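S.K.: What follows is a single structure, and I will ask about it in a moment.
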Amino acid sequence: MTALDIIIMAAGKGTRMKSRIPKVLQRLAGRPLLHHVLGQAASLQARRVVVVTGHGATEVEAACAGSAGVGGTFDLKFVRQEPQLGTGHAVQQATPALAGDGTVVVLSGDVPLTQAATLRALVEAGAGERLALLTVRLPDPTGYGRIVRGEGGTVQRIVEHKDANDAERAIDEVYSGIMAVPAQRLAGWLARLTNDNAQGEYYLTDIVSMAVADGVPVAAHCIGDALQVAGVNSPAQLADLERAHQRAQAAALMEQGVRLADPARFDLRDDARSGARGEILCAQDVEIDVGCIFTGRVELGEGARIGAYCHISNATIAAGAVVHPFTHIDGEKTGAHVGEGALIGPFARLRPGAQLGREVHIGNFVEVKNSTLADGAKANHLAYLGDASVGERVNYGAGSITANYDGANKHRTVIEADVHIGSNCVLVAPVTIGAGGTVGGGSTITKDTPPGGLSVARGRQVSIANWKRPAKQAKG
């Protein structure tokens, strides 16, 4: 297989984005646009990738250094384009960093949805020292370089929109910005570029006419899916590509048998915090209601049901579990697990380290963080469990909390099996509630309690008969 080097154009400012963030670092599906393109390079098993930076170069280069999640073993290098004098000028900056043999593929850092199969077909079209262009036909080609063909349909040149005459502007086949070039020819063609055009820039597309003049065959690999070569220049375009990408992911899930209530209201994203790729693994008969967002790696077991507007990140939901609407499950880096047949929510929050056993119930406005709940444990209303180990069949009352933080350090609470915690209790860690014990409602527990006993720690009730409320003083 011919050695493959890749140049990624990532120097643009993206003025229309109206953002301080460089355009190629705007996020699609939770991942910077540039990371999507680096993933394309990885899919081609590139030997070397050269990223051409300019606006926000320091940020862009740092973001690339944190792109390990894209896969691939390529050698990553950076070059600066300062000033920015066109696409040809950008590639001129990159060529000294290339090996000089094989094939060079030029990609755009703001074109995130090009499929690996499309790029492989482009490289194949460029086999045998040909110049290969990725093209597409558009109903409105305004702004794009037109593919000008000669007799027999052979590609003769690319004319940029601003330099095209009326006849050329009527052409609907356009250049995508992606090409595969024989490396040994590239440097010579770049040396012949001029900026004698309407924009006063060095156009990379001018090498097409040079190839024709030099007798090098030019192949155009034309695709029918314009989304694969769509770039991002504005928030509206970014939103359009986001929805297109999410629709494609939803369609793939439905092909596997997942029931999506509305595929237009489904999101699967990378987790920017943990770096986990957006991935959802579903067993049979999984149901997902509208408006759900999944980030990082999520597993849904057989028959799991996810209610409307849930956000689930880096978590495993086991078979038969039901997550009711508006629940937030966030495993971040340590993960979260919901056991078989568990009932979660609505409006529940599971934070990193939440590990729930079979048939656990976590109800509305209950928060669980870094805690394990054994099979059959229940916390149904308005409660907090942090840094706790909860035994089987525990019933944890409404309004109860574990006070796990002393202002400097976290401490654990152990609630053994078959304990009943009354409403509005405070368990001040470190503390252990013995198996089978009961804690009376309203208690503040600061010491370990014995198994099987009743523990009450609250002020004694006083009732005053015939008590009269104070009368309001007259105004005046």
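Every residue number used here counts from 1 along the chain in the order it is shown.
Quick reminder: no glycine exception, Cβ is built from N, Cα and C everywhere.
So Swiss-Prot lists these for the protein:
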- His381: active site, proton acceptor (ACT_SITE)
- Lys23, Gln81, Gly86, Thr87, Ser108, Gly109, Asp110, Gly145, Glu160, Asn233, Arg351, Lys369, Tyr384, Asn395: UDP-N-acetyl-alpha-D-glucosamine binding site (BINDING)
- Asp110, Asn233: Mg(2+) binding site (BINDING)
- Ala398, Asn404, Tyr405, Ser423, Gly441, Arg458: acetyl-CoA binding site (BINDING)
- 1-235: region 'Pyrophosphorylase' (REGION)
- 236-256: region 'Linker' (REGION)
- 257-476: region 'N-acetyltransferase' (REGION)
S.K.: In the same chain, which residue numbers or ranges, 6 or more beyond the ends of the region 'Linker' (236-256), come under 8 angstroms Cβ to Cβ?
M.R.: 17, 26, 28-29, 112-113, 227, 230, 263-264, 266-268, 278, 280, 282
S.K.: Taking Lys23 (UDP-N-acetyl-alpha-D-glucosamine binding site) as the reference, which of Asn233, His381, Ala398, Tyr405, Gly441, Arg458 (the recorded positions) have a CA within 10 A of its CA?
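M.R.: Final answer, ordered: Asn233.
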S.K.: Along the region 'Pyrophosphorylase' (1-235), what average pLDDT does this model show?
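M.R.: So the average pLDDT across the region 'Pyrophosphorylase' (1-235) works out to 93.
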S.K.: Helix, strand or coil by DSSP: which one applies to Lys23 (UDP-N-acetyl-alpha-D-glucosamine binding site)?
M.R.: helix
S.K.: What is the total of other Cβ atoms whose distance to the Cβ of Asn233 (Mg(2+) binding site) is within 10 Å?
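M.R.: Here the count is 16.
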S.K.: State the Cα to Cα distance, in Å, between Gly441 (acetyl-CoA binding site) and the residue listed as 'active site, proton acceptor', rounded to an integer.
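M.R.: Gly441 (acetyl-CoA binding site) to the residue listed as 'active site, proton acceptor', Cα-Cα distance: 14 Å.
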S.K.: Please give me the binding-site residues out of Asn233, Ala398, Asn404, Tyr405, Ser423, Arg458 that lie within 10 Å of Asp110 (UDP-N-acetyl-alpha-D-glucosamine binding site), comparing Cα atoms only.
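M.R.: Final answer, ordered: Asn233.
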S.K.: Could you tell me the maximum Cα-Cα distance in Å between the residues recorded as binding UDP-N-acetyl-alpha-D-glucosamine, namely Lys23, Gln81, Gly86, Thr87, Ser108, Gly109, Asp110, Gly145, Glu160, Asn233, Arg351, Lys369, Tyr384, Asn395, rounded to a whole number?
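M.R.: Comparing all Cα pairs, the maximum is 71 Å.
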S.K.: To the nearest whole angstrom, what is the C-alpha distance linking Arg458 (acetyl-CoA binding site) and Arg351 (UDP-N-acetyl-alpha-D-glucosamine binding site)?
M.R.: 31
S.K.: With DSSP, how much of the region 'Linker' (236-256) is helix, how much strand and how much coil, in residues?
M.R.: 20 helix, 0 strand, 1 coil
S.K.: Find the one among the recorded positions Asn233, His381, Tyr384 whose C-alpha lies closest to that of Tyr405 (acetyl-CoA binding site).
M.R.: Tyr384
S.K.: Between C-alpha atoms, which of these recorded positions comes nearest to Ser423 (acetyl-CoA binding site): Ser108, Glu160, Asn233, Arg351, His381?
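M.R.: Of the recorded positions Ser108, Glu160, Asn233, Arg351, His381, His381 has its Cα closest to that of Ser423 (acetyl-CoA binding site).
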S.K.: Helix, strand or coil by DSSP: which one applies to Asn404 (acetyl-CoA binding site)?
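M.R.: In three-state terms, Asn404 (acetyl-CoA binding site) counts as coil.
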S.K.: Would you count the other CB atoms within 10 A of the CB of Arg458 (acetyl-CoA binding site), including those on all shown protein chains?
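M.R.: Within a 10 Å radius of the Cβ of Arg458 (acetyl-CoA binding site) lie 13 other Cβ atoms.
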